[in-house]
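Undergrad: Pasting the relevant annotations from TrEMBL:
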{"type": "ACT_SITE", "residues": "A:C127", "note": "active site, acyl-thioester intermediate"}
{"type": "ACT_SITE", "residues": "A:H383", "note": "active site, proton acceptor"}
{"type": "ACT_SITE", "residues": "A:C413", "note": "active site, proton acceptor"}
{"type": "COMPBIAS", "residues": "A:1-26", "note": "compositional bias 'Polar residues'"}
{"type": "DOMAIN", "residues": "A:42-297", "note": "domain 'Thiolase N-terminal'"}
{"type": "DOMAIN", "residues": "A:305-423", "note": "domain 'Thiolase C-terminal'"}
{"type": "REGION", "residues": "A:1-34", "note": "region 'Disordered'"}
Amino acid sequence: MANQTGRGQQAQERLSQVSNHLSGGSSRKGKQSLLEKNPDDVVVTCALRTPFTKGGKGGFKDTQSADLLIGAFKALIQRSGIDPSLVEDIAVGTVLAPGGGATEFRAAALAAGFPVTTSTKSLNRQCSSGLQACVDIANAIKAGVIEIGVGAGTESMSTQYGPNAVSEFSEQLEAHKEAANCKVPMGVLSEKMAKAKGIPRSEQDAFAAKSFQKAIEAQKNGLFDQEIAPLTVKWTDPKTEEEKEITVSKDDGVREGITAESLGKIRPAFSKDGSIHAGNASQISDGAAAVLLMKRSTAERLGQTIIGKYVQASIVGVPPLLMGVGPAAAIPVVLEKTGLDKSEVDIYEINEAFASQCLYCINELGLDQNKINPKGGAIAFGHPLGVTGARQVSTLLTELKRTGKNIGVTSMCIGTGMGMAAVWVAE
Amino acid sequence: MLEYRTQGYNGYSVKYSPFFDSRIAVAASANFGLVGNGRVYVLGLTPGGIVADKFFDTQDSLFDVAWSESHENQLLTAGGDGSVKLFDISLSEFPVQSWQEHAREVFAVHWNLVAKDTFLSSSWDGTIKIWNPTASASLATLPTHSCTYSAAFSPHSPSILSSVSSDSHLRIFDLRTPASASNHLTLNMPIHTPPKPRMGAAASVGVPPSEALTHDWNKYRDTILATAGVDRLIRTFDIRAPNAGPIAVLPGHEYAVRRVTWSPHLSDILLSASYDMTCRVWTDGSAMGVGGLKQENMVQQDPMVFGGGREMGRMGRHTEFATGVDWCLFGAEGWCASTGWDERVLVWDCRAIMQ
């Protein structure tokens, strides 16, 4: 019933009704609608990572996972200029930390300068944990649970990698064929998959060498400088046993002068006649990454610089023994959801867990090689498990910006047989 | 193209008189219908252009208008304050009758085309009400439990009526059924059901429900209805096959479709008005010889382009949301009138834009 006192509210309701008519609609898809800027877009205002260093001997070999995270958080607060008290939730992806790292990461957030009112969770979806963390935060923002959040990842493979990562399988798990497959080591199953899918060692080595060459080129030209936040840590010199303070400012796994021929000499790691070896698989590394997410309207209100937006993600399951095909299964789903054609994506960041599986996915999807990992990938600078997904965001957005392009996809395969992919737009 | 300016009032609905080929009614509202007065215009088409024969002001916005089918001088308005008013254009100023039963904005009014002694209204309050112009209270209330943007009597039966609402459903009511727990509801069809996959074409992925804003009964095929709304698609349904999904899907509008209406002359021709500021003419692909352009590669067919229908032309002269459009019942087929938020009423011949 219309009455004079309710007029203001009634006008507001009619206005929101009309705006719902305009904003709704399932057919709003495709490149044009992706490039539109709407106040309720979830945008990235800062994405960065620590350098990645070699497991066991690199610059972070004596640094705890939580300390790497503190480094990433401090840099994030400093570079974005965000008031830490406005950040409502933090999700941290990690794979190896005992207890999920839940306690340490909450403590790390506090130590990095976030107030007690900023909550923190840890999560583990294997190698996509970092991406899952960003997607969880983006979804929480979309749903109105929080307004500002951080998606992050951290991993110290130096201190936490080892046989304790999985507990003993129960009888029930062992009795179920597909369930038991979940614990087959990734190297072994990737070797089998490479053989089954007919991906020869020569192609894997050529792909891996290209990753190294692209990464060293990018490093020399300073293309990582924008995304990397240098970190000062304590480091014990293995020769002198002397503890000193060092500042790590670049990925130390990237090597110069790697060619397909030089990789061809390395002995296979998992079987004598195999094709996978240390040179064409991802490196064991340490590092952390963080991504600051909020609604566009919030970013504009706070004067935050918008560097890109999160659009959509997909998660799919695949047979555990074929976990490497994950991106080939997940990418078409996210493209379908967003109405994009594969040719409309400017850059694909597909994690190089193994050259074999990455190559398989590229061929299977028929992607343009020049669009894949233009600054190299995990084979060249490392794959600290839970970090990679968050790392890819900074790698992707800086490169899209530099080359004046806009649409990117990040994706990775996931141990136990899954694939995840997400669409991002650089601005 | 003839033009009339509804100065200060943004158009919401336009209807040709069923009695005179030169008389048009327009429901319009100040401030885009958000807050303020409403005004219903009675326009005359004269050799000297369009002139306002009459207008009536109302306290609240007006969202729809309908001519009486039994009295050439009377018309109904749908009010933002929940009122339904009957005006007589031979009188000045006040409505001859006003009914205040709806709890929220009334979005549609429609006169019974067969019995001519009843009319209906539908509202944001989630109900459809059936009225008799001589009775002071409604004859029946049919709940939809969902904001009902559009309701209409069948042009073929005095007791069948239909509605579409924001829950993405098309409902059919039959007043001959006993007023049991189902409240005369005989069919409830989800509009967002994807069309049946065809041989050689990929099945369409499911589409989410979205608000339906308008619908209309085909004037020749008594079981065919067209619906449209927020998802920008116009669909046609056959109520004999309620589970079969749409029989035609017509994509093209770039924003929500606000009004769709079947031609009174041709059984396959539709006219639509949309928030994308265009009015478009469509064939649903059912008439002989107009069959859709076959897409060359069968596998590449877009499963949502369905039924062989296509857009036949568009009128892009509105400069704001196009909200209302209606066909002239008389004379050469193709004359129509449209209105929109640009404070304009346009009268045009859609044969001039059809290809």
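Just so it is clear, glycine is given a Cβ too, placed from its N, Cα and C backbone atoms.
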Undergrad: Calculate the per-residue pLDDT averaged over the domain 'Thiolase C-terminal' (A:305-423) and state the result as an integer.
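TA: Taking every residue of the domain 'Thiolase C-terminal' (A:305-423) together, the mean pLDDT is 95.
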Undergrad: Could you say whether, by DSSP, A:H383 (active site, proton acceptor) belongs to a helix, a strand or a coil region?
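TA: Reduced to three states, the DSSP call for A:H383 (active site, proton acceptor) is coil.
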Undergrad: What are the non-local neighbours of A:H383 (active site, proton acceptor), defined as same-chain residues 6+ apart in sequence with CB under 8 A from its CB?
TA: A:C127, A:S282, A:Q283, A:I284, A:S285, A:N351, A:E352, A:A353
Undergrad: Just counting, how many other CB atoms are there within 10 A of the CB of A:C413 (active site, proton acceptor)?
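TA: Its Cβ has 32 other Cβ atoms within 10 Å.
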Undergrad: Count the other Cβ atoms sitting within 10 Å of the Cβ of A:C127 (active site, acyl-thioester intermediate), across every protein chain shown.
TA: 31
